[in-house]
Amino acid sequence: MSSNQNASSASSKILWRIAAITTMGSLGFGYDTGVISGALPFMTLDASQGGLGLTPMTEGLVASSLIFGGAFGALFAGQLSDRYGRLGVLKALAILFALGALGTAVAPDIWTMVITRFILGIAVGGASSTVPVLIAELAAPKHRGRLVCQSELMIVSGQCLAYITSAGLAHLFDSPFIWRYMLAIALVPAVLLYVGMHFVPTSPRWLVSKGRIAEAKTTLAGIRDTQREADRELKEIIAQCNVERHHSGVLGKLNEPWLLKLLAIGIGLGFVIQFTGVNAFMYYTPMILKETGMGTNAALIATIGNGVVSVIATLIGMWVINRMDRRSMLLLGLTVVVLAQIFLGVVLNFIPHSLVQSYLALSGVLVFLFFMQMCIGPVYWLLMSELFPTHARGLMNGISVSVFWIFNAIVAFVFPVLLSVMGGMTFFLFAVVNIGSIIFCTLWLPETKGLTLEEIEQQMKQRFSGRRKWPVADVKAY
């Protein structure tokens, strides 16, 4: 093996190790969003029976408090990471993860639970906006797709782990207090994240933005295949940062039309991913299947199937993402999602209640989730880490992901209402919305595959600064 191959192998191992550490935040994100579905049935028990005596209203409040905390955390973590660095913010978020997990596990009453779930949401939302950005800023272009997608893999793995853990604990231990142990397990990824962040290098792009050139050079030398590659990338970063020196403050960072257009695309992508209804499928699969007459226990077991399919699909997506361009992958996923939703609408509206209907509905849900998690989820988080310029990446990513969480709350609130009022017609409505998403992505979404972050920034600025009409689907990567 040549010295270049040895260097390439060593740098790849370092990058994958960095991704494994930082995505402990994503694992916590997934576990905390998934575990509540297993804990809520026990929390609705009366306090004398070991629960919190949740009513339907307070149950919704407990479930949604994490989502609203996520919107808050994503917004402010983005700004803080631009100012103080991605590492410092992730260490602080790890502490919030731990405090939130511990607080929810020992909460003596409903309001303590709501407050600690909100704190946990701040950590979850902050991690969702910061982890992909840090990985993207450390990764070389050839590794960036798979490394950032590891964040999505850990999210769905965390959700799957939550479903399996909840079902396993409930089966093994006949205790009304078991929900507290379910919630306490979230401490594990929080501790691993905090300890691990002491072994992760600082983003070279952030270092250059703060004038710490020598440190950036050292960091790049340790995570690139050759010194020549590191030096070339450092020159690109310095040149781009010099152009951006005049930007300061929120308004200063967003004072150019091309930046606002990019931000609109980022927010639009948040709408696209949430209004597929993916989280409604994850939260309410048992409700969907019970509509077909499937028993409660069978429906809960099917929820574990959701988690397993999501993990398998994301693993395949990590392999596919370096072989397809971002736009094609996203459009493929959206097309199959529309077909799956039309299929579900037909099954729930036109096939009588029977075992056949139950299995057809389950197959529709699983096909939906497979293409959602293989094509749409990974591409969303990757684009959120790629599209925005260095000087405003944290801010713009934070705003976009914050709105993403707000869209999450809207869908989570509206979906069960629509299902109770419209029944299976709900899925036809989502299909129509997603046809609109296909049109949006076809017209507006640029391509970023194979480009350095600085090259992406230069192309976005060139495309969106001119007087030409805005729709561009022809930004080409080499």
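Cβ coordinates come from backbone N, Cα and C, glycine included.
Listed features, source TrEMBL:
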{"type": "DOMAIN", "residues": "18-449", "note": "domain 'Major facilitator superfamily (MFS) profile'"}
{"type": "TRANSMEM", "residues": "14-40", "note": "transmembrane segment"}
{"type": "TRANSMEM", "residues": "60-77", "note": "transmembrane segment"}
{"type": "TRANSMEM", "residues": "89-108", "note": "transmembrane segment"}
{"type": "TRANSMEM", "residues": "114-140", "note": "transmembrane segment"}
{"type": "TRANSMEM", "residues": "152-172", "note": "transmembrane segment"}
{"type": "TRANSMEM", "residues": "178-200", "note": "transmembrane segment"}
{"type": "TRANSMEM", "residues": "258-278", "note": "transmembrane segment"}
{"type": "TRANSMEM", "residues": "298-321", "note": "transmembrane segment"}
{"type": "TRANSMEM", "residues": "328-352", "note": "transmembrane segment"}
{"type": "TRANSMEM", "residues": "358-383", "note": "transmembrane segment"}
{"type": "TRANSMEM", "residues": "395-419", "note": "transmembrane segment"}
{"type": "TRANSMEM", "residues": "425-445", "note": "transmembrane segment"}
Seg_contact(the transmembrane segment (114-140), the transmembrane segment (258-278)) with at least 3 CB pairs under 8 angstroms, min sep 6: no
Integer mean pLDDT for the domain 'Major facilitator superfamily (MFS) profile' (18-449): 87
Outside the transmembrane segment (152-172), six or more residues from its ends: residues with CB under 8 Å to it: 23-24, 26-35, 37-39, 42, 178, 181-182, 185, 189, 282, 300-301, 303-304, 306-308, 310-311, 313-315, 317-318, 373, 377-378, 381
Positions on the same chain near the transmembrane segment (60-77), where near means CB under 8 A and six or more residues out: 32-33, 36, 40, 43, 54, 89, 93, 110, 113-115, 117-130, 394, 398-399, 401-406, 408-409, 412-413
In contact by Cβ distance (the transmembrane segment (425-445), the transmembrane segment (258-278); 3 or more pairs under 8 Å): yes
Stretch among 14-40, 89-108, 328-352, 358-383 sharing the most Cβ pairs under 8 Å with the transmembrane segment (425-445): 328-352
Folded-back contacts onto the transmembrane segment (89-108), same chain, C-beta under 8 angstroms, at least six residues removed: 22, 25, 28, 32, 52, 73, 77, 80-81, 115-117, 119-124, 126-127, 130-131, 134, 180-181, 183-187, 189-191, 193-194, 197
Recorded stretch, among 14-40, 328-352, 358-383, maximising Cβ pairs under 8 Å relative to the transmembrane segment (178-200): 14-40
